[in-house]
Amino acid sequence: MADTQTAPVADGANKRPEKPDEAKYKSDLAKAEKDHEAAQARFNAIRAKLDGARPGKSTPANDRFKELVDDQKSIRQKQQEHKSAKAGQQDKFNQNDALIKKLIGEQKDARSRVGFKNAEEIDAKIDSLQKQVDAGTMKLVDEKKALTEVSNLRRTKKGFVGLDDLQKKIDEKKAENAELKKTFDNPESRALSQKYEDNQKELDDIKAAREDTNKNFDTLKAERDKFYEEQQATYQAIRKVKDDYYAQRKAYKEFEDLIWQQKRERQKAEKDSYEKEKRKRIAEQKLEEASEPAFLDQIRTAEGLIRHFDPSFGTDEGDKGPGQFAATASRTIDEGGFKGMKVVKKEDEDFFVGGGGKKKGKGKKGGAAPAESGKLNMNIGIIEELAKVGVDPPSTQADVPGVVEKLKEKLEAWKKDQDAQTQKNIEKAKKEIEKLEQEADAPNAASSSAPAGRQNRAKKVSAKDALVNGPVSAESEQTQEKDGVADATKELAEAKIEDKEGPPVETA
């Protein structure tokens, strides 16, 4: 059987490849990918650190450094805008500050020339000198000097009044600048200043990290190259796991496809052989049925009807041998309906007299009708047989000879055209057989042009119903054979109908 045979490819030269273990493949792939991710993370870290030492490279540290520098510029610009908005107040503050410094300088210079800090010290000195003069104990020269000094001290005291005025001016300007300074010191300015300081601190940290990286640049570069090689090795390990698995799976699938292709070819050969035998049986059956004499059923029916109406028909041909198309009767006329009946003759006119006619005259008993007007009482089977050959049934005994004559004419015409019609049937059967052969060759040509190998389809025909895709089952084989016989029977019936609709028989 087709389903029990083994493909001849699994020999020593073509050993079946081992089916790849998908679970093991997934496990090995997961491990290789995990190792690769770890190596990639180490490589990315050292590369980011190395790129951070290059100001031109785009790294998180460099990007942050650039962002901070831009932020510092923005803060300075905002602070400058604040200063420009209060330029008049700032100028006033600066003028007051300069005046305060000038007045303080003049005050210090005046105090340094006097030698006294304040007017109280001068008054104390004047009182001391005046007491010495009033005591009279001093020499005249010393007394004159003391009086001169007292006079100078009193003039100096008058100069201290100017110093007090200077101090008042200084205090006024300081108070004015204090009020101006309050307007300069607002929350927004303080926040900007604080942010500027924080940014500057972070910038200093980044610069320090850059300097440290630059010192170890060669070491970091060597370490980066090492991690890169490690990362490439883990990547190649992933590729090897995948390549080995898919190569093994491809080899396994190719071997399975080869087995499937051989099985398909074997099953196709078996199917072609089966179809060929089936077509041969159908062709033999068609030729056998087409070789039967044409109009055989009509001839047999007509002869049977003629014998029924005229028993003497064919007695002179009883000694003849079998005709050209002699064959065993495929059907016989049921004689059960004719039992108890006989052909009506003139002297036996009472047998077929109908009982439903009207009575003429009172007191008369119903007698037999005349033979010419007597109706025939026929069996339904005879009427059906007459309808088959296209002859109207006789209604009276007088119509019987005409019916017999029509039957003889039809019989003669059928026998005359029998050979020609039989030959036509044979030619028609041959054409139908040729058409079946062409229809059978068309799928074979299409299948030969189809690509080899299995194809994935959304719907697959069941193995029970398709010989190519599965083993031949007894059920599908029997169903297919029945379908073939049914088709042949249908075509034969159509051919017989055409025979019946042959050339009409002319009647006299």
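The backbone N, Cα and C atoms fix where each Cβ goes, and this holds for glycine too.
Within the listed segments 175-200, 201-226, 305-330, TrEMBL records region 'Disordered' for the stretch 175-200. The list of residues near the compositional bias 'Basic and acidic residues' (13-39) in space but at least 6 beyond its ends in sequence, with Cβ under 8 angstroms from a Cβ of it, reads 227, 230-231, 233-235, 237-238, 241-242, 245, 248-249, 251-252, 255, 258. DSSP places the residues of the compositional bias 'Basic and acidic residues' (63-84) in helix, strand and coil in these numbers: 22 helix, 0 strand, 0 coil.
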